[in-house]
Amino acid sequence: MGEQRLARSSFLWGLSGIYLVAFVSLYAQIPGLYGREGILPAWKMMRFTGKGFWEQLKDSPSLLWFGPRLGLDTEMTMEMICLLGALLSLGALLFSFLRDSLVFLLLWIFYLSLYQVGQVFLYFQWDSLLLETGFLAVLVAPVHALRWKTSVWSSHDGVTFWLTRWLLFRLMFASGIVKLTSRCPTWWGLTALTYHYETQCIPNPAAWFAHQLPVWFQKFSVVATYFIEIGVPLLFFLPFRRLRLFSFYSQVVLQILIIMTGNYNFFNLLTVVLCCSLLDDQHITFFQRHKKPQHKGGRVTSAFSLYSLISLLDVPIFGLLVFWTVKYFDLQINWEKHSVESRTAFTYHDFQQWLRTITFPTIWIAAASLGWEILKGMYRSASVRGIFWKLWSTLQWVIFSCAAVAMFTISLVPYTYIDFESNGHLWPEVHRMFNAVDRYQLVNSYGLFRRMTGVGGRPEVIVEGSYDRETWTEIEFMYKPGNISTTPSVIIPHQPRLDWQMWFAALAHNSHSPWFASFVYRLLQGNKDVIHLVQNDESLYPFHAYPPTYIRAQLYKYWFTEVDQSGQMPKSWWRRRHVEEFFPAVFLGDPFLDNLLTQHGLKDKPPARRSLDAPIPSALRLIRAFLHPLPAPLLLHSFIFGIFTIYFLQAMFGGVSKPGVAKQRHSKPPNEKKKQKSNSGQGESAAAKSSGHGADTVRRNKKNEKS
């Protein structure tokens, strides 16, 4: 792969934006989710157990342990961490010098600290993915304090940036594999997308239209998903540039389609950011129309010709990938019906055999790719002139190469979860290494949409309140489906974590969601912070004047409406049918409710509130009072609009380069530049003496150097 300086810079810029979104989105929900009287109070996770301070910090690594030393309770410490994280990530988004390893280390520590007390509301795969990506950014980002005069170039950059490609491979490959290993009949029958759009957590309006597409197209889309998630990732580590670029665009197209048809917070955006690892600088600067230097000499021409011949191998490789897809999914064009017919033409046993065969070869191919990057880094370090610079570059190469090998090694444990037989064949030392760092979320296993839920109707919990236990009023949420006539929400990149957990709660008995009892309890109390999670505008909350006396929850099945045979659009987005009672009617002091709360420790009294008159608590209260009325999606969209406005104005009037485009000066050590200049001068003299057009050649070379 060619140079990836701009690709790396784009990755760091994009990750800064993802961090900003994650911190701001979570900040808006802290009082209702984790406050002293929230649904799952965070202070319960920070109880001192008699161990020493540093021992507790080791067991549960979180900056929240330092909150009491600053005069802050747990909730306010979380708010301060979110605000600091948002401010730091905003700075990294706007200023390239802040995209530093130390800055990304702080961002990772901030999010890990929140994750430790997040409980069920932060246990999503994208939270784990952000933590793993964030830690890799610590290795990928430049350490400006150690580079002195060289602010961009380092011999180990290709080694550490390779880890993001490996993470992207594990994410996409596992996401495709688990769909088949789960034995879900909809994934095996290629009908999953006929249910997906209406059964996803928070559909958007485009999901309704996607649901209306013909069945043959939905089945073909599932085949395309397998092709992109299972087949294409196998191309990530092959030495063929065009295959990598094809991999990049296929992955990005898939993520964009998911973004267009669902509200998946920052997950798909983070995946697109990881896709930067498949790009090189030549492709990023393609539209700048840089002229390529003229190659001189038979040796260069021969090498170029050999490279051209080798690069032709990408055509048969791509052809084989398409052939296997057509064969194993029996793709056939039905000209009469103007459709593409498809079916799964292999068995579960066949797939397991293939998976067992392919798992370790993918590891060895990835290891060979990493080894090649390490060798290239060693060569670059050895090419640096000057004893001091050479030693300094070699030392960095050794340290970061060892770190990359260690990260790759421990990641093999969660990666091989796709085939437990392969997982059992890993060396015991690898498992011990993984267990030693597991608490820090450095590496994780992935596999989204393992099984398609909602076959036979989308289950939805509808909460109802009453004053007399006779007349019940539905409590409508801002984002999740409820009223069948309400237009589905568009809230990306915000994640309303209560709405998401309501979707999971509907999939099982209420006993599988202990937090739901606490949620009902807070609504009976009329807790303003919890109500704010349900409706930002209190006037839309049906019990804003007085809390309800009774609350219950009903389980419904929802389906998207359909266009009738005449082509007329329906008046409602949804149709629904009552299934059963999800949670019985309860009231404050109800023995059933009290028993649930006591059983899960959700009725414990919080510790005494700390003084709010100190400077830091006072400042945090002012910020909260200012931002509290704003809906979280509006707050995030305002940030995004403001950031792009700043970049637009800079591009128009400031002459500032585009985001992610690194400046090229000081890209190599000074001695390396002198060597290049010296060699260039000697080459020009030789060319001028050996050619009748020597003067033209020199002028042409100088022109290329300037461009």
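Every residue, even glycine, has its Cβ placed from backbone N, Cα and C.
Residues or ranges marked as compositional bias 'Basic and acidic residues' by Swiss-Prot: 696-707.
Residues annotated as N-linked glycosylation site in Swiss-Prot, with sequence analysis given as evidence: N483. In the three-state DSSP assignment, the secondary structure recorded for N483 (N-linked glycosylation site) is coil. Counting every protein chain shown, the number of other Cβ atoms lying within 10 Å of the Cβ of N483 (N-linked glycosylation site) is 14.
Under the heading region 'Disordered', Swiss-Prot lists 659-707.
For 11-31 (among others), the entry in Swiss-Prot reads transmembrane segment, with the evidence type sequence analysis.
Annotation comment: Swiss-Prot describes 78-98 (among others) as transmembrane segment. Panel annotation: around the transmembrane segment (78-98), residues 9, 12-13, 16-17, 19-20, 22-24, 26-27, 30, 34, 42, 63-64, 72, 104, 106-107, 110-111, 113-114, 117, 144, 616, 620, 623-624, 639, 643, 646, 659, 662 of the same chain, lying at least six beyond its termini, place a Cβ under 8 Å from a Cβ of the stretch.
Look at Swiss-Prot and you will find 102-122 (among others) tagged as transmembrane segment, backed by sequence analysis.
Look at Swiss-Prot and you will find 126-146 (among others) tagged as transmembrane segment, backed by sequence analysis. When Cβ-Cβ distances below 8 Å are used as the criterion, the transmembrane segment (126-146) is approached by residues 8, 11-12, 15, 18-19, 22, 97, 99-105, 107-108, 111-112, 115, 118, 152, 154, 157, 160-161, 163-164, 167, 171, 264-267, 270, 273-274, 396, 400, 403-404, 407, 440-444, 446 of the same chain, each at least six residues removed from its ends.
According to Swiss-Prot, the transmembrane segment annotation covers 220-240 (among others).
Feature annotation from Swiss-Prot assigns transmembrane segment to 256-276 (among others); the stated evidence is sequence analysis.
According to Swiss-Prot, the transmembrane segment annotation covers 306-326 (among others).
Residues annotated as transmembrane segment in Swiss-Prot: 358-378 (among others).
Non-local neighbours of the transmembrane segment (398-418) in the same chain are 136, 139, 156, 159-160, 162-163, 166-167, 170, 173-174, 177-178, 181, 355, 359, 363, 366-367, 370, 374, 377, 426, 430-431, 433-434, 437, 442-447; each lies 6+ residues outside the stretch with a CB under 8 Å from one of its CB atoms. Taken from Swiss-Prot, the feature transmembrane segment applies to 398-418 (among others).
For 634-654 (among others), the entry in Swiss-Prot reads transmembrane segment, with the evidence type sequence analysis.
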> Per the definition of 3+ C-beta pairs under 8 A with sequence separation of 6 or more, do the transmembrane segment (358-378) and the transmembrane segment (220-240) touch?
Replying inline: yes
> Are there at least 3 C-beta pairs under 8 angstroms linking the transmembrane segment (102-122) and the transmembrane segment (634-654), leaving out pairs fewer than 6 apart in sequence?
Replying inline: no
> Which range out of 11-31, 102-122, 220-240 gives the transmembrane segment (256-276) the most CB pairs under 8 Å?
Replying inline: 11-31
